[in-house]
Amino acid sequence: MRQLKDQPVNVLAGAIVLLGAVLRVFHLGHHDLWLDEALSYHFVTSRTLPELLFSVPLVDPHPPLYYAILDIWTGIAGTSEIALRFPSAVFGTAAVGAFYILVKGVFNKTVGSIAALLMAVSPFYIRYSQEARNYALGVLLVILSTLFLHRAIKHKTRQDYSGYVITAVLLGYTHVWGLFVLAAHAIYVFSALAFFHPKRRTVSWRPWLVEYVAIGLLLSPWVSVLIWRTLFSVSDTALGSIAPPSVAMLLLMPAEWMTGDKFHHALGLLVPAAIIAGGAWFGHAAVRLYGDHVEYWLGNVLPLRERSEDTFDSSGLLFAALLIVPIAIGITISYLVRPIYYTRSTIFAAVGFYAFLAKGTNMARELRGGQVVAIVLVLGLVLPLPGYYNEDSVEPWGEVTDPIQQRSDGDDLILITDQYMQVPFEYYAADSEATIRTVAENPNRNIGIRPLYPSTIPTEIREMAATYDTVWLVLSHTTKRHNNRIIKQVNATHQVVKTNEVPGVRILKFSG
């Protein structure tokens, strides 16, 4: 009977996962690879598997697990845009299903279904499930490790303890911010056991001490490399190369979690719905707070502790730690050590945000017209999707290289103004017959990639350009000062005859 009763819920969950899969494979190869994706391609095509595991971590800010998986996959499927991105689509789809299981176990099936649906149609999560980067894998492992953590605390089985160690270690080897998630887990475990467990005076800490010692030992090779590179600045890419987050960036963060990077026009629907969902959550809390004492509120609303002395749950604290701790660590490091805060890195903390949003949406059903909240939230997430699928690529390198390849020949010179940009350029212009050079802004910089083209410096450009009738200048990811130095050198012997500008890239054509 129970299986028959659960069947409609399971069918609904399966339909949500299928929807997530369709949205993640749709237009998978539509956008050109941008720089970071091209770097993934570069590493797996220019390094052996042992080099990806042991050498690349010394020069790249990301741990090696994703590169190793992508290397094995591309050996089978090739290196087209679709092939490179397909593992992320699979990981992103699996994350939707795992999120349903996690939230269902923490709250209930209805909240689990809402959470999975919100993640399935989220432009933010779809975007990073369609990138040849490590974010979708990281999200899946955040959810799985949190699931095993929750089960281990509740059921204390060897399988759950082992599952947590395995998924936590894999998460640590997927992304730097995965370490921050593990810190959130640890804070949750020890604070929950110390303050909220009904048998906290007699609860055994040994299993969790063993867990975290094992995780620490297994992650120590990567952590030691990370610390060494950070302290001694082995390269500019040790952790990141951006400014610390501004207040405006932090305030916009929830908006980007819901709509993606460029689609804030949907906030007219999302903000009211999110406020109502959050208000329902805290409204329930307030009613129960005034109807009883604080402990009852903590135990039944968040809930931090169930009333039964034989069971223990701390769902509110779990998702609060997952939401707050990684972001707090990222901000702290960005200001005290070096900037590492990208909005896309907060995708792991956003898992907690989506869990709370689903719980609040479910609570809003008790309000008059509360069902509308869920509908409006889903609509607000879905509306930006046509714009996302049809927008220009972040960096349309295919569009950049096509006219150059069509109109250049062996007598042309192509200058790329940043050493990193040779990677996406080469992906789309591997057959170019022109002479190609990169112009190093800082020749002594360790960029962590193997050169694809010879490098030169701005002072050598005038003499080099004088021997070519046509010079193409590809400007991207470099300072205005560096670009002007190069343009000045080429202008000494040539004149600009054509300018083309696309998102993230500017192309100048000079004729002698």
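Sequential numbering from 1, following the chain as shown.
Using the three backbone atoms N, Cα and C, a Cβ is placed for every residue, glycine included.
Whatever TrEMBL says is automated annotation, not expert-curated.
These figures come from a predicted structure and were not determined experimentally.
Within its own chain, the transmembrane segment (9-27) is flanked in space by residues 86, 89, 92-93, 96-97, 100, 109, 112-113, 116-117, 119-121, 126, 129-130, 385, 389, which lie at least six positions past its ends and keep a Cβ under 8 Å from the stretch. Annotated transmembrane segment per TrEMBL: 9-27 (among others), in sequence order.
Residues annotated as domain 'Glycosyltransferase RgtA/B/C/D-like' in TrEMBL: 62-228. In the predicted structure, the domain 'Glycosyltransferase RgtA/B/C/D-like' (62-228) carries a mean pLDDT of 92.
Look at TrEMBL and you will find 82-103 (among others) tagged as transmembrane segment.
Taken from TrEMBL, the feature transmembrane segment covers 134-153 (among others).
Taken from TrEMBL, the feature transmembrane segment applies to 165-196 (among others).
Under the heading transmembrane segment, TrEMBL lists 208-231 (among others).
The transmembrane segment annotation in TrEMBL covers 263-283 (among others).
Same-chain residues lying 6 or more positions outside the transmembrane segment (315-335) and placing a CB less than 8 Å from one of its CB atoms are 106-107, 142, 146, 149-150, 177, 180-181, 183-185, 187-188, 191-192, 196, 239-240, 244-245, 250, 253, 301-304, 341, 345-346, 348-353, 355-356. The transmembrane segment annotation in TrEMBL covers 315-335 (among others).
Sequence annotations record features per position, and here TrEMBL assigns transmembrane segment to 341-358 (among others). Beyond its flanks by at least six residues, the transmembrane segment (341-358) meets 99, 102-103, 106-107, 111-112, 114-115, 118-119, 122, 124-125, 128, 135, 138-139, 142-143, 146, 175-178, 180-181, 240, 242, 244-245, 249, 253-254, 256-257, 261, 274, 277-278, 281, 319-327, 330-331, 334, 377 of its own chain at Cβ-Cβ distances under 8 Å.
Sequence annotations record features per position, and here TrEMBL assigns transmembrane segment to 370-389 (among others).
Below 8 angstroms of C-beta separation, residues 57-58, 63-64, 152, 161, 164-165, 168-169, 172-173, 176, 179, 182, 186, 189-190, 193, 238-239, 337-338 of the same chain, each at least six residues beyond the ends of the transmembrane segment (208-231), sit close to that stretch. Residues 13, 16-17, 20-21, 24-25, 28-29, 33, 37, 40-41, 69-70, 73-74, 111-113, 115-116, 119-120, 125-126, 128-133, 135-137, 139-140, 143-144, 146-147, 150, 351, 354-355, 358-359 of the same chain sit 6 or more residues outside the transmembrane segment (82-103) yet have a Cβ under 8 Å from a Cβ within it.
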